[in-house]
Amino acid sequence: MASMVSSPAVDEKSHQNRDIRNMRNLAEKQRRDKLNGYINELANTVPLVTMSSKRLDKTSVLRLSAAYLRLNKTSLHRKKLKAKKKLLSLASCSSTSSSATPHQIWRPPKFRFNHLRALIDSVEGFIVVTTGFGKIIYVSHSVENFLGHQN
(Lines of atoms letter the chains of each structure in order from A; the text may use other names.)
(Lines give C-alpha, C1' and ligand atoms only; values in the text may rest on other atoms or scores of the structure.)
Protein backbone atom coordinates (compact mmCIF):
# COMPACT_ATOMS: atom_id res chain seq x y z
CA MET A 1 0.00 0.00 0.00
CA ALA A 2 1.15 3.40 -0.82
CA SER A 3 1.35 5.90 1.97
CA MET A 4 0.39 9.50 1.40
CA VAL A 5 3.21 11.90 1.64
CA SER A 6 2.33 15.57 1.69
CA SER A 7 4.39 17.86 -0.41
CA PRO A 8 5.87 21.09 0.95
CA ALA A 9 3.75 23.16 -1.49
CA VAL A 10 0.49 21.69 -0.12
CA ASP A 11 1.60 22.33 3.49
CA GLU A 12 2.47 25.93 2.63
CA LYS A 13 -0.92 26.50 0.95
CA SER A 14 -2.91 25.08 3.89
CA HIS A 15 -0.83 27.16 6.33
CA GLN A 16 -1.65 30.36 4.33
CA ASN A 17 -5.36 29.47 4.27
CA ARG A 18 -5.30 28.94 8.04
CA ASP A 19 -3.61 32.33 8.56
CA ILE A 20 -6.15 34.11 6.34
CA ARG A 21 -9.04 32.44 8.18
CA ASN A 22 -7.53 33.39 11.58
CA MET A 23 -7.12 37.02 10.47
CA ARG A 24 -10.72 37.12 9.22
CA ASN A 25 -11.96 35.59 12.49
CA LEU A 26 -9.94 38.12 14.50
CA ALA A 27 -11.32 41.05 12.45
CA GLU A 28 -14.86 39.75 12.95
CA LYS A 29 -14.29 39.38 16.71
CA GLN A 30 -12.97 42.95 16.90
CA ARG A 31 -16.03 44.21 15.01
CA ARG A 32 -18.38 42.35 17.38
CA ASP A 33 -16.50 43.64 20.44
CA LYS A 34 -16.71 47.21 19.14
CA LEU A 35 -20.46 46.87 18.49
CA ASN A 36 -21.00 45.35 21.95
CA GLY A 37 -19.06 48.25 23.48
CA TYR A 38 -21.33 50.77 21.76
CA ILE A 39 -24.44 48.86 22.83
CA ASN A 40 -23.20 48.75 26.45
CA GLU A 41 -22.46 52.47 26.35
CA LEU A 42 -26.00 53.15 25.13
CA ALA A 43 -27.40 50.84 27.80
CA ASN A 44 -25.54 52.79 30.50
CA THR A 45 -26.49 56.20 29.08
CA VAL A 46 -30.16 55.96 28.10
CA PRO A 47 -32.50 56.22 31.12
CA LEU A 48 -35.19 54.02 29.57
CA VAL A 49 -32.66 51.18 29.39
CA THR A 50 -31.02 51.74 32.79
CA MET A 51 -34.43 51.78 34.49
CA SER A 52 -35.29 48.37 33.07
CA SER A 53 -35.43 45.65 35.71
CA LYS A 54 -34.20 42.91 33.40
CA ARG A 55 -31.19 42.59 31.13
CA LEU A 56 -32.14 43.61 27.60
CA ASP A 57 -30.88 42.21 24.33
CA LYS A 58 -29.11 44.39 21.75
CA THR A 59 -32.21 44.99 19.67
CA SER A 60 -34.20 46.15 22.71
CA VAL A 61 -31.41 48.53 23.74
CA LEU A 62 -31.37 50.05 20.24
CA ARG A 63 -35.18 50.26 20.11
CA LEU A 64 -35.43 51.96 23.52
CA SER A 65 -32.57 54.33 22.64
CA ALA A 66 -34.35 55.41 19.46
CA ALA A 67 -37.60 55.91 21.42
CA TYR A 68 -35.75 58.01 24.01
CA LEU A 69 -34.24 60.22 21.29
CA ARG A 70 -37.65 60.73 19.66
CA LEU A 71 -39.18 61.56 23.05
CA ASN A 72 -36.50 64.14 23.85
CA LYS A 73 -36.76 65.73 20.41
CA THR A 74 -40.51 66.08 20.84
CA SER A 75 -40.24 67.52 24.36
CA LEU A 76 -37.55 70.01 23.28
CA HIS A 77 -39.79 71.10 20.41
CA ARG A 78 -42.69 71.58 22.85
CA LYS A 79 -40.49 73.66 25.17
CA LYS A 80 -39.46 75.91 22.28
CA LEU A 81 -43.09 76.38 21.24
CA LYS A 82 -44.07 77.14 24.83
CA ALA A 83 -41.31 79.77 25.06
CA LYS A 84 -42.48 81.40 21.82
CA LYS A 85 -46.08 81.52 23.07
CA LYS A 86 -44.88 83.04 26.31
CA LEU A 87 -43.03 85.78 24.44
CA LEU A 88 -46.12 86.54 22.36
CA SER A 89 -48.35 86.95 25.41
CA LEU A 90 -46.82 90.18 26.69
CA ALA A 91 -50.11 91.38 28.11
CA SER A 92 -50.18 88.76 30.82
CA CYS A 93 -46.51 89.24 31.57
CA SER A 94 -46.81 93.01 31.89
CA SER A 95 -49.42 92.60 34.60
CA THR A 96 -47.17 90.29 36.58
CA SER A 97 -44.18 92.60 36.29
CA SER A 98 -46.21 95.68 37.30
CA SER A 99 -47.47 93.95 40.43
CA ALA A 100 -43.90 93.33 41.59
CA THR A 101 -42.22 95.78 43.91
CA PRO A 102 -39.36 97.90 42.52
CA HIS A 103 -36.88 95.70 44.39
CA GLN A 104 -38.19 92.59 42.64
CA ILE A 105 -38.00 94.07 39.14
CA TRP A 106 -34.80 93.18 37.35
CA ARG A 107 -32.53 95.94 36.11
CA PRO A 108 -28.91 96.07 35.00
CA PRO A 109 -26.61 96.23 38.03
CA LYS A 110 -24.91 99.55 37.08
CA PHE A 111 -28.19 101.44 36.60
CA ARG A 112 -29.99 103.13 39.40
CA PHE A 113 -33.76 103.02 39.15
CA ASN A 114 -33.97 106.70 38.02
CA HIS A 115 -31.49 106.12 35.18
CA LEU A 116 -33.37 103.10 33.96
CA ARG A 117 -36.72 104.95 34.11
CA ALA A 118 -35.28 107.89 32.08
CA LEU A 119 -33.88 105.49 29.51
CA ILE A 120 -37.19 103.69 29.11
CA ASP A 121 -39.15 106.97 28.86
CA SER A 122 -36.81 108.30 26.16
CA VAL A 123 -37.37 105.28 23.93
CA GLU A 124 -40.47 105.37 21.74
CA GLY A 125 -41.27 101.77 22.39
CA PHE A 126 -41.02 99.30 25.20
CA ILE A 127 -38.34 97.03 26.62
CA VAL A 128 -38.60 93.31 27.16
CA VAL A 129 -35.71 91.44 28.79
CA THR A 130 -35.62 87.67 28.46
CA THR A 131 -33.33 84.85 29.49
CA GLY A 132 -31.64 82.64 26.94
CA PHE A 133 -34.49 80.16 27.39
CA GLY A 134 -37.15 82.75 26.54
CA LYS A 135 -38.36 83.43 30.08
CA ILE A 136 -39.46 87.05 30.41
CA ILE A 137 -37.75 88.68 33.37
CA TYR A 138 -38.59 92.35 32.75
CA VAL A 139 -41.23 94.27 30.77
CA SER A 140 -41.28 98.07 30.83
CA HIS A 141 -44.50 99.84 31.84
CA SER A 142 -44.63 101.57 28.44
CA VAL A 143 -45.77 98.25 26.94
CA GLU A 144 -49.27 99.18 28.12
CA ASN A 145 -49.40 102.03 25.55
CA PHE A 146 -48.67 99.64 22.70
CA LEU A 147 -50.97 96.83 23.79
CA GLY A 148 -53.84 99.09 24.80
CA HIS A 149 -54.06 97.62 28.29
CA GLN A 150 -54.13 99.54 31.55
CA ASN A 151 -53.66 98.01 34.99
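Placement of Cβ uses the backbone N, Cα and C atoms for every residue, glycine included.
Because TrEMBL annotations are produced automatically, they should be read as predictions rather than curated entries.
Annotated features, as they stand in TrEMBL:
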- 10-25: compositional bias 'Basic and acidic residues' (COMPBIAS)
- 19-72: domain 'BHLH' (DOMAIN)
- 112-151: domain 'PAS' (DOMAIN)
- 1-25: region 'Disordered' (REGION)
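In the predicted structure, the domain 'PAS' (112-151) carries a mean pLDDT of 70. Broken down with DSSP, the domain 'BHLH' (19-72) shows 46 helix, 0 strand, 8 coil.
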